[in-house]
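Some notes on the structure that comes next.
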Amino acid sequence: MGLPIVAIVGRPNVGKSTLVNRLTGMMDAIVHDSPGVTRDRTYRPALWNGRDFSLVDTGGLVFDDQTEFLPFIRQQVMIALAEATVVVMVVDGQAGPTPADHEIAHWLRQQDTPVLLAVNKCESPEQGITQAAQFWELSLDEPLPVSGIHGNGTGDLLDQVVEYFSETPESEDEPEIKVALVGRPNVGKSSLLNAFVGENRSIVSPISGTTRDTIDMVVRRGEQTYRFIDTAGIRRKKNVSYGPEFFGINRAFKAIRRSQVVLFVIDALDGVTEQDQKLAGRIIDDGRACVLVVNKWDAVTKDTYTINEFSKQIRSRLNFMEWAEMIFVSAQTGQRVEKILNLVDTAARQFEQRVTTSVINEVLEEAVSWHTPPTTRQGRQGKIYYGTQVSSQPPTIALFVNNPDHFKDNYRRYIERQFRENLDFTGTPIRLLWRGKKLRDVERNTANRATRA
């Protein structure tokens, strides 16, 4: 069994995301002064009185409207309710009870899950008692005055929440691979996530920009656990207004940094765009392992040579990511989706790989014997004394040389290729740090190591 789940529900714009941010101590949920900002159900880790649990922020619940995303949001709320240990209904203490609140309360009373009532926006403790008293008419549990902004009353709310948990908390820390799903809007990231999870976890819609929160979902396959981060689509900044989508894009960049492996989703119909190239550069700058996922492959008219032609086109546009493995899939039909996790496993393993100094220097000696370092116009030849891995995630190797300026880009790329071919750094960037060092310092360090041995 997993952690207890607490579902946060309520009509639009009552401050659910603000309250979730307060209860979890995080600033992940997008908060913006317009209704309907949260669309998917979003999971946040929380801790109170030594009990770990998950808070689920859901979209604003409206029953009598079929426009845009509202039917999808209702479906998400119902799924959250089905898996929750306890539900917290959030209402607006400043607005007072509304017909929508009554409708939601009536629906919740018909469910089997226990319900707590949080009266939000009670910024003054004195006025909060009066504001909360109005909500007895909803015929739920005692109305609890809280303030998502200032934190008033949140401790009392959490005290009641944890009372619904079982007496045997699970505190096992499972190793997991953190995977970020990134790409331009409407390339099929949420459809891929749903294919992995096996349910409509994220709102899937042909309207560009549907997902605006980063959404975490844990998936288990065999003994391996994966934490998928479904991010907002990334588009050119000049095409993004200052609002929820702006914040979602910035959080997508944070999701890349938070991940170990990035599933970079590309639309097979559009190919690699200029924005895709910039996003690829972002992944490399952040030093993350990567798998290129070419989605919507079912929509492409194919013959015997199609996949090779597409591969060449994509590789030529992303020639600086030649180390990333590529797979052609269809989230719609499920074609090859399961194989993505095999590539994730490989990329994550190589991302964390550590190689002994002796093996690194064997590769260097072989590389130099086949292709000696260049000589400058002044007759000075570059010399590589030795190399050693200084960190992983991504693998980073320091090369100690007589003068880094003697080694131009073409020779540096050659050395990187030798490491990749001999040490199998598939799916991960590697960083080479070229460090100047005088020969006598190298000899002294070598002698010191020999003496200690």
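From the backbone N, Cα and C atoms, a Cβ is placed for every residue, glycine too.
Residues or ranges marked as GTP 1 binding site by Swiss-Prot on the basis of sequence analysis: 10-17, 57-61, 120-123. Swiss-Prot lists 183-190, 230-234, 295-298 with the feature GTP 2 binding site. Marked as domain 'EngA-type G 1' by Swiss-Prot: 4-169. Among the features that Swiss-Prot reports, domain 'EngA-type G 2' is placed at 177-352. What Swiss-Prot lists as domain 'KH-like' is 353-438, and the listing cites sequence analysis.
Cβ-based crowding with a 10 Å cutoff singles out THR58 as the top-ranked of the binding-site residues ASN13, THR58, ASN186. Candidate binding-site residues: GLY183, LYS189, TRP297. Nearest to GLY10 (GTP 1 binding site) by Cα distance: LYS189. Each residue contributes its Cα atom, and for CYS122 (GTP 1 binding site) and TRP297 (GTP 2 binding site) those atoms are 52 Å apart. Residue counts for the domain 'KH-like' (353-438) by DSSP state, with H, G and I taken as helix and E and B as strand, are 32 helix, 22 strand, 32 coil. Taking Cα separation as the measure, LEU61 (GTP 1 binding site) is nearest to ASN186 of the binding-site residues GLY183, ASN186, TRP297.
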